[in-house]
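Undergrad: Reproduced below are the annotations present in Swiss-Prot:
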- H111, H115, D300: Fe cation binding site (BINDING)
- L134, V135, S136, G137, G138, D167, G180, N272: substrate binding site (BINDING)
Amino acid sequence: MRVLGIETSCDETGVAVYDDEQGLLSHTLYSQVKLHADYGGVVPELASRDHVRKIVPLVKQALADANCTLDDIDGVAYTKGPGLVGALLVGACMGRALAYSWDKPAIGVHHMEGHLLAPMLEDDVPAFPFLALLVSGGHSMLVAVEGIGKYEVLGESVDDAAGEAFDKTAKLMGLDYPGGPRLAKLAAKGESGHYRFPRPMTDKPGLNFSFSGLKTFAANTIAAESDDEQTRANIALAFEEAVVDTLSIKCRRALKQTGYKNLVIAGGVSANTRLRSSLAEMMTSLGGKVYYPRGEFCTDNGAMIAYAGLQRLKAGQTDDLGVKGIPRWPLDTLPPV
């Protein structure tokens, strides 16, 4: 089976073609980073309009790169939610229109299921069951995964997501958008031990996260200290260490609770080098293994949507002709495959 996948949930327009026998055939992506940089964050209306401009050329490019015609496509998958509703509707309209005109089945995919399954695009894939740490600008959650669609959310952020905390703290430090990667780059120049940031909610039972207080602590520290480059780097490192330690502590707790030996990390923050190293070291000590997608599949992309959609289309799941974008959509409400 061969599926065209479309991703437009936020500020990346992604289109890909995935074949269940040959793997990923093409992967095209347009990022709106430059468009939103002057505003310090994503402007929903501008994001939607830019998706409209880019989506048709990217669909054509993805098909050409895969050496496909419409006759070679067996189904269409598109991100139905969660995300910015205007942006979602661009991809949903395109996906539904293509499926209808080609007389192919279509399926709306949960954006976070796409991230969760992104490591399946690699050669070394995790076996079920596994624990998934999904960390992005909009979500931070721990999920027990028994199979595709068999999800139990064990914990999630009660306020800011980890990626949001990275971006907001970076903005407080005067770093350009997108701030998370720039803060990590600055932290690489830092010296450990100069500052100690709290590890939120690690002294309490449970697996939920909270990062808003950490952001406030960072703001107060930034305001109280000098603005020289080394001090800024030290603060950035202390912040990054606090986020990574918090995520690692919660992962260890969840692994003990579930008894799982495999850990998946996915979402934009999963590209963070310090987080990957910390979790890899932890899993080695526990006799387990950590899995994550390559860097280009940590952020939003059409490949993960094509893969996730293919699994559901193969199981006979399809959507009706209605065009829907779901801004909020609990992951654990999805049907199993």
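Glycine too: its Cβ is placed from the backbone N, Cα and C atoms.
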Undergrad: Near L134 (substrate binding site), which residues of its chain come within a Cβ-Cβ distance under 8 Å, counting only those 6 or more away in sequence?
TA: M112, H115, L116, S140, M141, L142, V143, A266, G267
Undergrad: Under a three-state reduction of DSSP output, how is G180 (substrate binding site) classified: helix, strand, or coil?
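TA: Note: G180 (substrate binding site) is helical by DSSP.
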Undergrad: Measuring Cα to Cα, how many angstrom lie between D300 (Fe cation binding site) and S136 (substrate binding site)?
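TA: Spelling it out, the Cα of D300 (Fe cation binding site) and the Cα of S136 (substrate binding site) are 10 Å apart.
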Undergrad: Would you mind reading off the Cα separation of N272 (substrate binding site) from H111 (Fe cation binding site), to the nearest angstrom?
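TA: So the alpha carbons of N272 (substrate binding site) and H111 (Fe cation binding site) sit roughly 20 Å from each other.
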Undergrad: G138 (substrate binding site) to H111 (Fe cation binding site): how many Å between their Cα atoms?
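TA: It is 11 Å, counting Cα to Cα.
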